[in-house]
Amino acid sequence: MLNTTSVTEFLLLGVTDIQELQPFLFVVFLTIYFISVTGNGAVLMIVISDPRLHSLMYFFLGNLSYLDICYSTVTLPKMLQNFLSTHKAISFLGCISQLHFFHSLGSTESMLFAVMAFDLSVAICKPLRYTVIMNPQLCTQMAITIWVIGFFHALLHSVMTSRLNFCGSNRIHHFLCDIKPLLKLACGNTELNQWLLSTVTGTIAMGPFFLTLLSYFYIITYLFFKTRSCSMLCKALSTCASHFMVVILFYAPVLFTYIHPALESFMDQDRIVAIMYTVVTPVLNPLIYTLRNKEVKGALGRVIRRL
């Protein structure tokens, strides 16, 4: 991985420039990180250890929990360190590594939401054929595919970014190493990087988002025209609504961040909006997708009683 940079480290400006807020924000984000890791860790442990949850639906939920633990850990520990530090530096290699894992896990989660929406649509609309359509082989192949695509998507960006020439300011207008603020610091031609960011990352975000919307539209259409039970309709719509809320909270900020041009006027908005999909969504996922589920709560109760 070659680069012609004269910069050996970057300075992360953080969430806010107001020094008086740093201790308070440290406590807030530390609490969020603890809840995220604990909640997702509990879900992952239950899905692995309880034989009653060894089904395809919980296979995807286990993937989501593992993703969210990793996703939070890529950004939050460094953010917490910087809240209490006066020198908010990150090495060049550390910056590129954070960029790679951030985009690898983020794009994988984006595609996983689409897979989970499709899984839910099959479970609701074709329950008798669910085990035939969503067979273990297909689910394993889908999971491996999205992880591999996410890895190579991030590898493309990390390699291309590492080869840029950084000869001026090393102050990143963000709380993490992301592509857009790094491109603002590059001295050379970044047109190819900008095109890859808009085209490839835009496709990775827009494609799964469209497929997710399509799955939920199909579910709602099916429920209104095929379901005669009001209780079943209300329960299914409640499940879809809560899932869809998490999906919107993830996709909307991502699309806002990576679709609009990299202008100086958007930098402050970008780092605030990024909190939604880097910090908030990983906390909500275990609450919305699993801990509201009766089978998961039952499994959690059995684990607690055994302790």
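Glycine is no exception: its Cβ is also placed from the backbone N, Cα and C atoms.
Keep in mind the model is a prediction, meaning the values are calculated, not measured.
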Is it the same side of the membrane for Ile46 and Arg302, going by what Swiss-Prot records?
-> yes
By a three-class reduction of DSSP, Cys187 (disulfide bond) is assigned coil
When DSSP states are grouped into helix, strand and coil, how many residues of the topological domain 'Extracellular' (74-97) land in each?
-> 16 helix, 3 strand, 5 coil
Highest CB neighbour count within 10 A among the disulfide-bonded residues Cys95, Cys187?
-> Cys95
Contacting positions for the transmembrane segment (237-257) when only residues 6+ beyond its ends and CB under 8 Å are counted = 106, 109-110, 113, 116-117, 120, 180, 205-206, 208-209, 212, 216, 219-220, 223, 270, 273-274, 276-277, 280-281, 284-285, 288-289, 292
Across the whole of the topological domain 'Extracellular' (159-195), what does the mean pLDDT come to? Round it, please.
-> 88
DSSP helix/strand/coil residue counts for the topological domain 'Cytoplasmic' (216-236) = 18 helix, 0 strand, 3 coil
